[in-house]
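Per TrEMBL, the features are:
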- 1-21: signal peptide (SIGNAL)
- 25-326: domain 'Plant heme peroxidase family profile' (DOMAIN)
- 35-111: disulfide bond (DISULFID)
- 66: active site, proton acceptor (ACT_SITE)
- 67, 70, 72, 74, 76, 85: Ca(2+) 1 binding site (BINDING)
- 68-73: disulfide bond (DISULFID)
- 117-322: disulfide bond (DISULFID)
- 188: heme b binding site (BINDING)
- 189, 242, 250: Ca(2+) 2 binding site (BINDING)
- 195-229: disulfide bond (DISULFID)
């Protein structure tokens, strides 16, 4: 009996080590015993909001991304107050905070003090992709929430006018490689951008071109963008980032880049640079290159990104309300 017990404990330790290896202290099924309904509650909440307002799907996906790139995936972006991350320029137009708050309220009723806001956001991002017809994936959980949120720390978030070199550096600083960069930017297959983030490409961008626009823009596409974002027009007007299927999670975003129809300058640059272009081509299945399945690689990169700088164990806290530290 003692020998069997020893063997059982050994196997249990191996299983725990394998589970923890999925992330830096996170694992799939972290709440299996403490809050088994966590995934169903988050999914039901996201679905209810999505059914009344589909724009929350890209909003939650962007929010998770922006959270992870500042202080790691610790829900610091959710903290309200003056000079917090959510007040900073790059985050000013994000949407979906109420979805996380609603899920948190339900989870506090079901299992108080157990589920972190950071994990809710990671699960909500996954569910958002699924609701827009993308593939699902198992989300390692076990993150804890941070206690600090500073607008000044958002300066290093990837930005719409970043060069390829700067984009690569920002991702590399977080342990993400060039394939992760292209795959994660592919999340722009759903959602919109405000004119203010790209209208400079449409007018007086290049004095050597007859129309003054960014020469990387497809000339036949330019009038459409100028009609949507006229000079001195509404800077906050929203334009789809994937003009082919803005509400469906698919690889058509990369086809747009190939055709000079990327909306953001930083996105279009993925096609202009040889090293990132090869990944765009592989996601498109261009003949002669080893094809990559966008959904499969996006899932892999999301799990990798969602473990950036996570707080686990006794670090941080489990917030009672996502918008405020305890």
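Yeah, the Cβs are placed from backbone N, Cα and C, and that goes for glycine too.
Because TrEMBL annotations are produced automatically, they should be read as predictions rather than curated entries.
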Check: 10 Å Cβ neighbour count around residue 35 (disulfide bond)?
Finding: 19
Check: Can you tell me how far the Cα of residue 117 (disulfide bond) sits from the Cα of residue 189 (Ca(2+) 2 binding site), in Å?
Finding: 26
Margin query: Name the residue among the binding-site residues 242, 250 whose Cβ has the smallest number of other Cβ atoms within 10 Å.
Written below: 250
Notebook entry, point to check: Out of the recorded positions listed (35, 67, 72, 76, 85, 242), which are within 10 Å of residue 322 (disulfide bond), Cα to Cα?
Noted result: 76
Item checked: Those recorded positions, out of 68, 70, 74, 85, 195, that come within 10 angstroms of residue 242 (Ca(2+) 2 binding site) at the Cα -> none
Notebook entry, point to check: For the recorded Ca(2+) 2 site formed by 189, 242, 250, which further same-chain residues have Cβ atoms within 8 Å of the site's Cβ center?
Noted result: 186, 188, 190, 244, 245, 246, 248, 249, 251, 252, 253
Margin query: Please identify, from the disulfide-bonded residues 68, 195, the residue with the sparsest Cβ neighbourhood, meaning fewest other Cβ atoms within 10 angstroms.
Written below: 195
Notebook entry, point to check: What mean pLDDT does the predicted model reach across the domain 'Plant heme peroxidase family profile' (25-326)?
Noted result: 95
Item checked: Length of the line joining the Cα atoms of residue 76 (Ca(2+) 1 binding site) and residue 111 (disulfide bond), in Å -> 22
